[in-house]
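Asks: Among the features that Swiss-Prot reports, ATP binding site is placed at 10, 11, 12, 13, 14, 15, 127, 200. The region 'NMP' annotation in Swiss-Prot covers 30-59 and is backed by sequence analysis. Per Swiss-Prot, the feature AMP binding site maps to 31, 36, 57, 58, 59, 85, 86, 87, 88, 92, 161, 172. Residues or ranges marked as region 'LID' by Swiss-Prot: 126-164. Among the features that Swiss-Prot reports, Zn(2+) binding site is placed at 130, 133, 150, 153, with the record citing sequence analysis.
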């Protein structure tokens, strides 16, 4: 089973990918993580990618495809993969399809985690964490029982991520919609695009994804 999970930062892609790794033995393939590992490997392809990135240029599609091709041939991908961060253009999507076809593989589903931008912004900007034990809270959805005191450890110190602000979240959402807009029709035309409610709770999103996979 080979999937692409689409969704903006904060939609819960990582949570669902980790669950699929745990329950189905699939492997999450983040192109960012793969590029860093490729550069560390010192292979000819890694050296080429490193030189390109150090020059401030985008890594060419053919390098990305070769990197993904090599990665999915590893034994841990035998039960399938979940691709994250690629493709972002129709040209990349077409190249990915060709590469998979040459291996006798295909994408079974492209799952879009659909979110409401305003609601997602509220979800992200309201997050805060106990500075001592790391327990997560939310201004609206999960406040401590006693204001200013952690339910778990009693600490009175809390932190917020610097980038969990409305301006930064808005820019992330804008970038996501701009990047994914071209490839949604491509996968819809091929009958593999499915949608789940990314604003539902984690268990419900998982149920919807499992229903898609079960077919």
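Here the Cβ of each residue, glycine as well, is placed from N, Cα and C on the backbone.
What's the neighbourhood like for these features in this structure?
Replies: With a cut-off of 8 Å between CB atoms and residues at least 6 apart in sequence, the same chain places 113, 115, 120, 198 near residue 11 (ATP binding site), listed in sequence order.
Sequence-remote contacts of a segment are chain residues at least 6 beyond its ends whose Cβ falls under 8 Å from one of its Cβ atoms, and for the region 'NMP' (30-59) they are 66-68, 70-71, 83-86.
Within 10 Å of the C-beta of residue 161 (AMP binding site) we count 12 further C-beta atoms, all protein chains included. DSSP gives residue 161 (AMP binding site) a coil state; it is part of no helix or strand.
Annotation for residue 150 (Zn(2+) binding site): spatial neighbours 130, 132, 133, 135, 144, 156, 158, criterion Cβ-Cβ under 8 Å with sequence separation of six or more.
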Asks: According to DSSP, which kind of secondary structure is residue 88 (AMP binding site) found in, if we only use helix, strand and coil?
Replies: coil
Asks: Which of the binding-site residues 57, 86, 161 has its Cα nearest to the Cα of residue 127 (ATP binding site)?
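Replies: That would be 161, nearest by Cα distance.
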Asks: Given the recorded Zn(2+) site (130, 133, 150, 153), which additional residues of the same chain have their Cβ within 8 Å of the Cβ centre, ordered by sequence?
Replies: 131, 132, 134, 135, 151, 152, 154, 155
